[in-house]
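Now, the feature entries from TrEMBL:
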- 1-16: signal peptide (SIGNAL)
- Gly66, Gly68, Glu108, Ile301, Gly305, Asp345, Thr346: Ca(2+) binding site (BINDING)
Amino acid sequence: MCCWCCCLECIHNIAPLNLLFLHFSADPALPGEAGAAPASMASISVPNPVPSATQDAENIRKAVQGWGTDEKALIEILGHRTAAQRAEIAVAYEGLCNESLLDRLHSELSGDFRSAMMLWTADPAARDAKLAHKAMKKKGERYVWVLIEVACASTPDHLVAVRKAYREAYSASLEEDVAACPLYNKDPLLKQFLVRLVSSYRYSGELVDDELARAEAAELHDAVVARKQPLHGDVVRIVSSRSKPQLKATFERYRQGHGKAIDEVLEEERRSDQLAAVLKTAVWCLTSPEKHFAEVIRSSIVGLGTDEESLTRAIVSRAEIDMKKVKEEYKARYRKTVTSDVNGDTSGYYNGILLTLVGPE
């Protein structure tokens, strides 16, 4: 496993005169990390006052007992609670009914609605661990996306929590399983990149070294453009270890120095180089996750059929973090709303929980 402290070591090695404190926005708190209030760009709504966990657990018990299930009540309760509140409800429900809430949802519900409700109700770190484990069993770019999302679109502490949850659930480390995944054997550069990403522990502060940003912007250009090696060792080192504010500064220096944003360069290269597409996904998840998740939602809907798995993952995973930004990006890029596209491709209670999480627009 790569050293978790590599980004901290590089901070210690930076000359004090080169340090600038720039006001990049900090990552929004991930669900369950800092109290019960939703993040400012979250899309879920929580009633005020919120019922107690015991009241919610009792109402859930009523919704699932007897011959039928009150799906609307489940959406109304669980769809309007934060991760911290849902965790308290799960504890209260188990104490009340002597069974786990997730087990009950699994037995009562079915299809895409069940998948969405169970993903939403699960602990966020355990959910991401499960998504990562499942992604390593399937081929395709969209499943590589999942590992990059888990590693890059979350805070450093959340990724540590995911690794811990993964160990507890599967008696193996996430890093080891990515390294041993046979799906990546044909592309050692991709495997190395993914292992470095899931092993990272980035500096979470806002300190930025402008001289370092200039130097590493030049390294990125040399590797990606001059050498046509998007996952060159220098690129992997930079993208897998630097803090998000540092990377934003580096990418801005790249744009200033070369007249084009690095994600635009990678978009041009992705048609002929799949590794460029992988790097672009990481760049977006690290610095502009709303762009990536808007694309995930759109790609899950357009064309023949709906990729419910990707659609559910994108909405569930961002509802408590930055779904408002995702919706803004989606509307600006596709001239449609997330709500209208979800309405056009889903129905029933599955549609109900997705729209509840998306929120009004």
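Cβ coordinates are placed from backbone N, Cα and C, and glycine is handled just like the others.
Known features from TrEMBL, placed on the structure.
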residue : record              : CB count, 10 Å
Gly66   : Ca(2+) binding site : 8
Gly68   : Ca(2+) binding site : 9
Glu108  : Ca(2+) binding site : 18
Ile301  : Ca(2+) binding site : 21
Gly305  : Ca(2+) binding site : 8
Asp345  : Ca(2+) binding site : 17
Thr346  : Ca(2+) binding site : 22
